[in-house]
Amino acid sequence: MAVVLRGGITGGFLHHRRDASSVITRRISSVKAAGGGINPTVAVERATWLPGLNPPPYLDGNLAGDYGFDPLGLGEDPESLKWYVQAELVHSRFAMLGVAGILFTDLLRTTGIRNLPVWYEAGAVKFDFASTKTLIVVQFLLMGFAETKRYMDFVSPGSQAKEGSFFFGLEAALEGLEPGYPGGPLLNPLGLAKDVQNAHDWKLKEIKNGRLAMMAMLGFFVQASVTHTGPIDNLVEHLSNPWHKTIIQTLFTSTS
């Protein structure tokens, strides 16, 4: 996942925990030199994923969630860095939707409210209103259109909000100022990030939750492969015997 490589790992590994507004603090003191000139001294304090780490120069802290984590140097090329930023953002959003959907449907299934399949078997369900082939074709068309428009906005920022960009008259509702954040009343109905001062805070919250969701999805994959049950089932089993029903014992049991 390019996501983790670009931005870093949040949580307990951070050197300093701060709000986005104080991720980078600059203190400039001016001292008069003997000749009457001004000698500025700049001290820059960065939150990093590892104490004492010197972040690479291309990760200067301006990106949301940038804690200087790029051991492979994938973002050294500016154009590649732009692409990885968008890749992380999209994967984060899909992961957040996926985690929420899995937990919600699993809760309905385990409580008996709805007769639903466990999440990793949902793709095998047959629907009466359409065949599997029809659903695949429809998904290709809809997702293909959306992803094509997103890529075009990445190549030419703001182009999809212009009149005549073939968006069924919704161009005015896509007034975002940068790729990945189309904004407007369609995708930002509450206007949460219209305030420039708070926009970075919302971006940081989104990327932190997105990274957490991607780790959760990875956990769901491993969980399903090892236990062949859903996350709610595993949680209930763990709570029934917290000292003996843990991830470590489960992994050792499955390998023995």
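The backbone N, Cα and C atoms fix where each Cβ goes, glycine too.
Look at Swiss-Prot and you will find TRP49 tagged as chlorophyll b 1 binding site, backed by similarity to another entry. Taking the Cβ of TRP49 (chlorophyll b 1 binding site) as centre and 10 Å as the limit, one finds 19 other Cβ atoms among all the protein chains shown. Classification of TRP49 (chlorophyll b 1 binding site) by DSSP places it in coil, neither helical nor stranded.
Packing around ARG211 (chlorophyll a 1 binding site) is summarised by its Cβ count: 24 other Cβ atoms lie within 10 angstroms of its Cβ, all protein chains included. Here Swiss-Prot flags PHE69, GLU88, ARG211 as chlorophyll a 1 binding site, drawing on similarity to another entry.
Its own atom aside, the Cβ of ARG93 (chlorophyll b 2 binding site) has 16 Cβ atoms within 10 angstroms in the protein chains shown. For ARG93, the entry in Swiss-Prot reads chlorophyll b 2 binding site, with the evidence type similarity to another entry.
A helical conformation is recorded for GLU147 (chlorophyll b 3 binding site) in the three-state DSSP classification. What Swiss-Prot lists as chlorophyll b 3 binding site is GLU147.
The chlorophyll b 4 binding site feature in Swiss-Prot is assigned to ARG150; the stated evidence is similarity to another entry.
Spatially close to GLN223 (chlorophyll a 5 binding site) yet at least six residues away along the chain are THR229, PRO231, ASN234, judged by Cβ distances under 8 angstroms. According to Swiss-Prot, the chlorophyll a 5 binding site annotation covers LYS205, GLN223.
The Cβ neighbour count for GLU206 (chlorophyll a 3 binding site), using a 10 Å radius and every protein chain shown, is 18. Annotation source Swiss-Prot lists chlorophyll a 3 binding site at GLU206, citing similarity to another entry.
In the three-state DSSP assignment, the secondary structure recorded for ASN209 (chlorophyll a 4 binding site) is helix. Per Swiss-Prot, chlorophyll a 4 binding site is recorded for ASN209.
Under a cutoff of 8 A between CB atoms, and with a sequence separation of 6+ in the same chain, the neighbours of HIS238 (chlorophyll a 6 binding site) are LYS245, THR246. Per Swiss-Prot, the feature chlorophyll a 6 binding site maps to HIS238.
Residues or ranges marked as N-acetylalanine by Swiss-Prot: ALA33.
The transit peptide feature in Swiss-Prot is assigned to 1-32.
Taken from Swiss-Prot, the feature transmembrane segment applies to 94-113 (among others).
Annotated transmembrane segment per Swiss-Prot: 129-146 (among others), in sequence order.
Under the heading transmembrane segment, Swiss-Prot lists 212-232 (among others). Away from its own ends, the transmembrane segment (212-232) comes close to residues 1, 3-4, 10, 91-92, 95-96, 98-99, 102-103, 106-107, 109-110, 118-120, 250-251, 254 of its chain (Cβ-Cβ under 8 Å, at least six residues beyond either end).
DSSP assigns GLN223 (chlorophyll a 5 binding site) to a helix in the three-state reduction. ASN209 (chlorophyll a 4 binding site) has a Cβ environment of 16 other Cβ atoms inside 10 Å.
With respect to their backbone Cα atoms, GLU147 (chlorophyll b 3 binding site) and PHE69 (chlorophyll a 1 binding site) stand 28 Å from each other. Pairwise Cα distances among PHE69, GLU88, ARG211, the recorded chlorophyll a 1-binding residues, top out at 13 Å. GLU88 (chlorophyll a 1 binding site) is surrounded by 25 other CB atoms, counting those within 10 A of its CB over all protein chains shown. Listed in sequence order, the residues of the same chain lying 6 or more apart from ARG150 (chlorophyll b 4 binding site) and placing their CB within less than 8 Å of its CB are VAL90, PRO179.
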